[in-house]
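Record features (TrEMBL):
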type	residues	note
DOMAIN	232-321	domain 'DNA primase large subunit C-terminal'
BINDING	Cys238, Cys309, Cys318, Cys325	[4Fe-4S] cluster binding site
Amino acid sequence: MQLSQFYNLPFTKSAAEYVDSLDVELLDIVYKNVYDIALNRAESRIVQALEGDIEKPLFADSQITEMEVELLSYPIARLLLSCIGDLYAIRRYALKEAKSSGEFLKGVLSKMDEGEALSFLEELAHELGVRVEHMEGGSRMSLTSYLKYASHIHEPRWKLVNREVDRGMVVVRRDEMIRLLQEAMRTKVEEGMPLSVPPEVCRRLSVRIGRIRTLLGEKKARFEQENVRGPERAYPPCIREAMRLVREGMNLPHSQRFALTSFLLTIGWGVQEVVELLASSPDFDEKMATYQVEHIAGSTGTTYTPPSCATMQTYGNCMGKDELCARVSHPLAYYRWRVKKEGRVKKEGE
Ligand code: SF4
């Protein structure tokens, strides 16, 4: 791959080899002012990931130095996150890095003809350790890779039973290939994190680490304030677990997402609040999520009630049972019992 193609896909093998070829020592980066620009960009990558989306710049072919800074900032961002050691921050960063790279990829591919686009995707897949083949009208991914990455995407169409499998290869459309590679990118960014970083390096980066920690704390506090109606401790363990997974950027299986959504709507969350909670999912599509949440809230005339404990157990969504669970048969009963016991849950604004 050319530098102009991978500076925004910094987790590829080519990118790592290019950074190695720059022969930059870790201690130089933290001690020499000349690398401040790369440190600044590394910090902004993390800040952008925590606050929204990572903006990927576009450079002209002549701007080799700027591209190198962009490339160098990626391993430094991983270093900073490793010093911080917060799993939420690491997952969020990996998710946003992959999402922005997926967008960047779509832009790059849209400027290529079909043949170029297919060989670019093949090369990228190879760089990420994913085996793909191209054929007329689509692509095929090895069964092992498909299972590894599609298992994180919980829409029914990704299930193997709904796919065409041909001699150990799964047939995928081009947009599906991009989505699967995005998942491979997310896995790649998260791989090995947190890294083992010499304490001296973390100490040297302490001012930047402090700033990121402050932002992280504010973000977590804001999330609690804005999105939690009443004390979350009154929610049943299965729902708290589903919320934890969503906040950590995991895709929930359809049945668990339904249980979470219907439960929250029933206890008084608004549609927008639920959509905002789901926004951390890697597959989040605001239009689709709003439609689904509104549907569950009763936009078509049918209001859905959350599933009972028996149904939750059948789908493997009954998680973290505690003593009270033995006395209830429905997550709502659990919640109401706890609310009654602890006093009425304050409504937002009261
Ligand atoms: S027993 Fe019911 S309330 Fe308790 S965790 Fe399982 S599904 Fe939730």
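Backbone N, Cα and C atoms are what each Cβ position is placed from, and that goes for glycine too.
When Cβ neighbours within 10 Å are tallied across all protein chains shown, the highest count among the binding-site residues Cys318, Cys325 belongs to Cys318.
Listed in sequence order, the residues Pro236, Pro237, Met312, Gln313, Asn317, Met319, Lys321, Val328, Pro331, Tyr334 complete the 8 Å Cβ shell around the [4Fe-4S] cluster site centroid, once Cys238, Cys309, Cys318, Cys325 themselves are left out. For the domain 'DNA primase large subunit C-terminal' (232-321), the DSSP counts in helix, strand and coil order read 53 helix, 0 strand, 37 coil. Regional average pLDDT for the domain 'DNA primase large subunit C-terminal' (232-321) in the model is 88. DSSP assigns Cys325 ([4Fe-4S] cluster binding site) to a helix in the three-state reduction.
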